[in-house]
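Working notes for the structure below.
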């Protein structure tokens, strides 16, 4: 009876659930949008309220102080003005009836002159009278002098005559009358727009606005006439009624925005013609690098003449004001001129004078109100902190004046008394004037909000302020959309049209480091809080990422992490035919995705080092040229971001008057919007876009209806020629004025046919030739359903394709947030002269070495970078995390891509490429800044060796670039407005301190030992000098492993000494403070201090560090690491300096390289290597010294060495050792020692060996060893195509006879075979040393190496096979199966095999076979989770992603254009030359000579320094302040430098607070809409707080969606150019 098997549920294993919790957390992070906290916004709201109260109080008290001091002058001037006591005892004003008028006149003169003096000093400080800042035109100078003259005469007359003859209420009304002429000018301007509308180009004339301004003008004129009339009737001078209108007319005209704007015109702006810059990098490579040496990088062309114009006018006002006041005093007999200018007239201005309080109140309130107004605009509290006080400041003053009890507190009582008739006409006049100024002036100010970190030059036309009419000056001097529309349009475009390309370089980072970068990039891709809708793209350039179209294991690790971090929620993998593209490029491979909620373009570029140059600098050259010369040509122009305003988009239908306009009008035609433009009429329809200025249009991205299957199938493009004058609305122009776009030789009209599959499919259309136009029309010809359309316009500025383009450069292990990136972009948007901005970098790591770096990084950023930023410019924006302006990159790229020809160039270019590139930018005139608001984290070296090797590169490159800056100081001061002679002097002192750092460190130790323990300074100094010289000799004569071991020992010894010195010095200081006399007891007439000056210097350093740490509260913990930093001071300043200079000729990168065998030497080998080094120091020449005389040569890994593969315990294949990225490039590749034959093998380290005995008569375990039979051979044949050989199948192998060129085959084929290099699987990875060992001639090696570089690497999977036979089949050494069977080896015993056993016991002697076997043994382990992930991704890519060749596409395809671009760049700068025509030998010799020169300079400078200090210290009669003169000078100079750095840090912290506040979003500010957008196919969507112009399905711009198309996904045919899935 048959038994029926029941269906049982599979058993779930807990072991199989590993990683599921982590995956769930990752998915939760991907789908969850972190809402920003609200408490910062609440704090900012509270701060804005405080600012409002303070500013409005300053404005009110400033006005009251002016009224009070003029009334005081009236009391002293007019005898009939008697003082009446107030009705209450609360008053701060005193009677001036007994005072002489001359001191009060002088106080008024000070009130008028103090703002001019402050403005003059500011302009002198900023410009320094240098030629970098442009000077105004002669017309601007003339207008400025006339306006200044009118202002001075009007202010003097107003203060001395108008305000002294009327009472306080009339005075307030007279002060507000300043707006009268501006209101009239505004009415005239509105009327002018009706007469000549085409001249303005701002907005169409409006009857509503005209009538509104007419009403305001009528109210203003009526109120002004009433004020003039009644003031003349009630004043002391009825015949002087003309004075007030004259003052108002002169001041209104002088302060008119039109007049102020004229004063800023420069000679450059008047005569400069726009020139198109060269954009092709390959042309710049061919250009003469000295071509533009004498041409100043004219960043001054982007500056106006406000500073230089104010410099002239302020000086003129300072000269003219005393003369005018003197003239008025003499003419109107206000006082005695002689008494006024005598000493008695000034000496009586004391704190006891009745008007002195009003003087101080006016000066400080006016300065405070002005500074706080600028502060309010900079931190984006414009409405509460700026416009509201200006609106209510007049009301505040009126309340103070019209409420008599309050008025009597500040103003004499008789000036406050008012008749009832004055209220009858005064209040209506005040109300009318207030309404008029609100409509005509304040409304324009409130419609012009400020941006983040807006500078004073962007807020006001001219620098400075006026203490009499501060409120009126702020309003009239404010730049508004009405008076300076171009600035606001440009600012909107700068922010909203910013294209940011995130460019990262990658090499052999660990899994944790790679994942950290990917998570940061994912944060940008999912950032829905970007208020500016910036366009972000990410590009990772992976050095050595592939070979012959196959990704390396390191690249596969990256791909696995991309799948882990970037895969959308709910998706199985990111590697599929719809979301991933794989392209074969001239440099290697390119993978493209769109990721995140913003659909950010994410690209990985895998470099094949056989095709392009290998090194980090060349990867940077690749992405710089890629952005500058290719991607920047296709930037979005503002449809999706909102930079193109709704009013700039028009269409033939629907009209504004229709009910459907709001739903489907032309303003809805924005790419990825929630709705679209739909034409409602029959016939030829169009949609028109005004780009606001002529632009070069290079393409379109077109979509259809977001919720229906409606889209345009074909269309035409028409445009107005940029030279066509606009004589009216574009709708009035006939069809003949609109040119139809055409392509081809004959210029035939081009009809664009597109075939989307749905309304949400975005189809990109690129133009063969760019269109230069301002007005663009799209004419739909055919449509699927209704004529519905959404689109984005691609292009760039005509004059410069790099306008508003930025590069966010990062390292491969950096961690940052979207807010950090946006904080850097704030500074570049604020100032067009800023070429790069860097962030605050925090080192990540643990252990003593990391502690040292935490404090080192902190001090470097707190003091050094902050000081450079404030005093001049930052000298290094590292590639770790910085934003570069594309324009600035263009100025330095040509020089940056040059090759190394001299030893000094090697230090500058290849050892510190980031610092050198920044030096090029500074030399070109750009300013580099540092932002502490933006923060990032990066992994730092955690081992002593890696740290010393890293700093071995950094120290010489830093010094070399600093020397370069000082050498070119004249050029820098001339070209760069941010660099002064004092800044160069500051850098020179820093260079000198670095140079004498070792000697100073010795003095510190010697002095500390003498003070603390009474050790003779001579003895201790001799010991220190001998130790330093001995270490230097060791560094010159031994390899780096010995050097680093000795450095570790000395570091520990010095740390113990420094700990003892620290404790002893602290004890001595405590004793000195408790008994100053005994501590300072010296003979003679030496001037003594209560505390030794060295103690004061010590306390100064400690105090500065503590205060600095307190001002960085989130980083205060870094101060605790300073203790360890102090103990390691000799190691960092003495040993590291010696080690760096002695290894100056070492061209290896030092970090992220494979562990050499030297790292695993026994102590006996280290000892004999040390003895060998000592023998070399004594005059003998050793083999190790010969080997390391030029550089430390990397040796191949031993089987037991530390792994350096993507997984923690997988060693890299020796034959796969690559010299790329951070290692020397190919032509500078160090030669590794050849594999040694068996007889010359070095002795292996002693290990416990198991003796294997085997009796051939015994039976063998059947499952282990099996003679080959038919079944075994069949299994072997099937395994050839299994996963075991996925990376290198038998079909990929080519025999050495077939592979060698014909001319070399006969000579070298047998030599390859004799050493085991049977086919290309063994030849792949051979180095020049291997070729030399097998007997290849030197002249033939370069050609063979060229062919070897083209071979794919042989990869062995990490896996434990079942049998030895299977293992041998896997590694291609099946011919040795019988030997293993004979010696009874099983799989478990393979891991104990060593090289000697393989050669002697098994008789395997061929070098290539032994190497293959050793590497395969190191792979005998169970695969880790990372291994499984890499293998899975490798299979997924192979199965799901089709690789396509760019060069096989149609010439019109966008990727074929990219292919041509990469070919040109590769031929221009990146082509690999394999070291055939390099000058390595000469460069090595030059490096040795340079090293020797630096050693001589270091030795001589420190010897002189120590000799001078010790000699002077021994002369008691030369002591000054208980120290020698030179030591005193040293303490004073560098103490002064430390104080300068501290003060600069305070300024920078204040600026950081401003930036931090500006970054906080106000509670009342929200993104435009909360838009619910459906997914593709009409499915339900998600809700996100994002603008309607950028819905949740896309936040990027023009390439947000995956451009899916059936034709594109067809039978492998070349897709048309308009149906591309990839990004630019």
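Cβ from N, Cα, C; glycine included.
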For TrEMBL, the entry transmembrane segment belongs, out of 10-29, 70-89, 170-189, to 170-189
Per TrEMBL, the transmembrane segment among 42-62, 273-293 spans residues 42-62
TrEMBL feature transmembrane segment, matched against 960-982, 983-1005, 1144-1166, 1167-1189, maps to 983-1005
The residue range that TrEMBL labels transmembrane segment, out of 307-332, 333-358, 359-384, is 359-384
If one takes Cβ-Cβ under 8 Å and requires six or more residues beyond its ends, the residues near the transmembrane segment (1123-1141) are 848, 851-852, 855-856, 948, 951-952, 955-956, 997-998, 1000-1002, 1004-1005, 1028, 1031-1032, 1035, 1043, 1047, 1050-1051, 1054-1055, 1057-1059, 1062, 1491, 1494-1495, 1498
Beyond a gap of at least 6 residues from its ends, the CB atoms lying under 8 Å from the transmembrane segment (104-125) belong to 66, 69-70, 72-73, 76, 96, 152, 155-156, 159-160, 307-308, 310-311, 314-315, 317-318, 321-322, 325, 329, 334-335, 340, 345-346, 349, 353, 355-356, 358-359, 362-363, 366-367, 463-468
Best-packed against the transmembrane segment (359-384), counting Cβ pairs under 8 Å over 42-62, 1048-1067, 1494-1514, is stretch 42-62
Under 8 Å Cβ-Cβ from the transmembrane segment (42-62), and at least six residues away from its ends along the same chain, one finds 361-362, 365-366, 368-369, 372-373, 375-376, 379, 381, 384-386, 388-390, 392-393, 396-397, 400, 410, 467, 470-471, 1557, 1560, 1562-1563
